[in-house]
Amino acid sequence: MTTRSLLILPGDGIGPEVMAEVRKVIDWLGAKRDLAFEVSEDLVGGCAYDKHGTPLHDDTMAKAQEVDAVLLGAVGGPKYDDLDFSVKPERGLLRLRKEMDLFANLRPAQCFDALADFSSLKRDVVSGLDIMIVRELTSGVYFGEPRGIFEEGNERVGINTQRYTESEIDRVARAAFDLAMKRGKKLCSMEKANVMESGILWREVVTRVGADYPEVELSHMYADAGAMQLTRWPKQFDVIVTDNLFGDLLSDLAAMLTGSLGMLPSASLGAPMENGRPKALYEPVHGSAPDIAGQGKANPIACILSFAMALRYSFDLGEEAARVEGAVEAVLAKGLRTADLLGEEGVSPVSTAEMGDAVIAELDASL
Ligand code: IPM
Ligand code: MG
């Protein structure tokens, strides 16, 4: 029998609430589709710090290395703002990404038709939008050395280093080309080759990898121009590949095009494990939203869609992933809205749990 192991790390803020709705989907797949998952749960972020004095306990790290997929809610909150940098909740997430070597971060930005009017851009510009940003996740300025705050003469200097090796660029480029082959066969690579040597190397390596993918139409853009083009006419893009920091910015920008950060999932993938499945962590793009935590107001859709990505990329269950995505689309088409999606007249918000239950009802209806 195939085993499918999942480590769930709900984290802080709204993380536990949205994860509870994902649990419903996992249970549904077990009960109605005969797809069992071995689920374990643990702490990450502020809650891990509260219990262990570290945002990610070594035992949790070890478990994450063993399972087929990790599903994370969100980390952080104002309570932890004054903690030392080394134990801030975010460090737990960054450690997972780094030690699991999750170099390819997939961030789809898809506009649900029912929500096109929530975008800050005109409906016409975003309706039908379906792009994928592939962000390099384990290198670049996030991790480059030297880094730190140092004394220099009579003042301090803050230093971070943008650093990319050819092999780091090569592997994320391949991940992006592979995705482009399964989608619209268009890839745009973004860097700042006009001002950064790392950008020059990036462009050179991506071009070289492109020779192995003659069917994919490759283009290059400076990342600032890319940001401008993403707001001008986002539908010109299919897959975008970019570095860690530009990817952080551009994926937030792309997310907002779709109307709500509360809707977008992500997958972070590494090299294949012994069983052929890639090392993988799935998480919503949104944060821990401490201002609404514990009130049942959070939108569970990004987290549910992150689990759908796990079905597709870790468990080879693309059809079930599409079923979950279809259920979400159906719920939105029926007009159900969590508080982050209000604005239409006469619509009152549903709670986090009501949204989850509605998705389950649509799953039932799909059988
Ligand atoms: C993201 C977040 C993280 C990042 C933070 C929470 C460390 O903004 O996943 O985009 O900067 O990578
Ligand atoms: Mg970010």
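Glycine residues also receive a Cβ, built from the backbone N, Cα and C atoms like all the rest.
Small disclaimer: the values here were computed from a predicted structure and weren't measured.
Copied over from TrEMBL:
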{"type": "DOMAIN", "residues": "5-359", "note": "domain 'Isopropylmalate dehydrogenase-like'"}
{"type": "BINDING", "residues": "77-90, 287-299", "note": "NAD(+) binding site"}
{"type": "BINDING", "residues": "R97, R107, R135, D224", "note": "substrate binding site"}
{"type": "SITE", "residues": "Y142", "note": "site 'Important for catalysis'"}
{"type": "SITE", "residues": "K192", "note": "site 'Important for catalysis'"}
{"type": "BINDING", "residues": "D224, D248, D252", "note": "Mg(2+) binding site"}
Between D248 (Mg(2+) binding site) and P89 (NAD(+) binding site), the C-alpha gap once rounded to whole angstrom: 18
Secondary-structure category, per DSSP, in which G77 (NAD(+) binding site) falls: coil
For F85 (NAD(+) binding site), the three-state class that DSSP assigns: helix
Among D81, R97, D248, the binding-site residues whose C-beta sits under 6 Å from ligand 2: D248
Sparsest Cβ surroundings (other CB atoms within 10 Å) among the binding-site residues R135, K297: K297
Rounded to the nearest Å - Cα separation of R107 (substrate binding site) and A293 (NAD(+) binding site): 24
Listed binding-site residues with Cβ under 6 Å from ligand 1, out of D81, P89, R97, D224, D252, A293: none
Three-state secondary structure, which DSSP defines for Y142 (site 'Important for catalysis'): helix
Position of peak Cβ density within 10 Å, selected from the recorded positions R97, R107, K192: R107
Which of A289, A293, the listed binding-site residues, has fewest other Cβ atoms within 10 Å: A293
Those binding-site residues listed as D81, D252, and which of them has the most Cβ atoms within 10 Å of its own Cβ: D252
For D248 (Mg(2+) binding site): DSSP state (helix, strand, coil): helix
